[in-house]
Amino acid sequence: MDPGADALLSAAEPADDAVAADVQYMREALAEAQAAAAVEDVPVGAVIVGADGAVLARGRNRREIDQDPTGHAEIDALRAAARRLGRWRLEGATVYATLEPCPMCAGALVNARIARLVYGCPDPKAGAVDTLFAIGRDSRLNHRFAVTSGVLADESAALLRAFFAKLRSAAVKR
């Protein structure tokens, strides 16, 4: 076998492991989104993973249940991670979110000094890391983070579509 081929195979394995990890953690974020939907909140979930691969925190949308405009999944998870670690700086952490973060959440990710964001589906109305803005990559800010998009995007979008279809259906019946 070609020695160069061995190097290519070895180089591909970590990427495959990284993709598998992204899918695994996004599935956990989707479970949080489903939990939000179960209490009639917008189904968005988030999971924060440390550089060592350990889950630091989970969060879900709580805006409706708490009547809190900052009750987004990413904020919920960031607060939980900061409490757990005893510090607000989350260097080396990766945030998994089922929906592209809004400006508030993207700003909080910058402030938390995360290393990476992985999200499911884009948000055409409020997406602040790719769709409308590029907050995580803006060189004018004091911190930037890597962004990976589209992980389990179809599942994330389907959950949101089903939730809002149910809301519209209930509104029509009233």
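Including glycine, each Cβ sits where the backbone N, Cα and C put it.
Positions annotated as domain 'CMP/dCMP-type deaminase' by TrEMBL: 20-148. The feature Zn(2+) binding site is assigned by TrEMBL to HIS72, CYS102, CYS105. Per TrEMBL, active site, proton donor is recorded for GLU74.
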### Set of same-chain residues at least 6 away whose C-beta sits under 8 angstroms from CYS102 (Zn(2+) binding site)
HIS72, ASP123, ALA126, GLY127, ALA128
### Message
I need the neighbours of the Zn(2+) site defined by HIS72, CYS102, CYS105. Which other residues of that chain put their C-beta within 8 angstroms of the C-beta centroid, in sequence order?
### Response
ALA73, GLU74, ILE75, PRO101, PRO103, MET104, ALA106, ALA108, ALA126, ALA128
#### Entry: C-alpha spacing of CYS105 (Zn(2+) binding site) relative to GLU74 (active site, proton donor), in angstrom
6
### Message
As a quick check of your reading of DSSP, tell me how many residues in the domain 'CMP/dCMP-type deaminase' (20-148) are helical, how many are strand and how many are coil.
### Response
49 helix, 26 strand, 54 coil
### Query
With every protein chain in view, how many other Cβ atoms are within 10 Å of the Cβ of CYS105 (Zn(2+) binding site)?
27
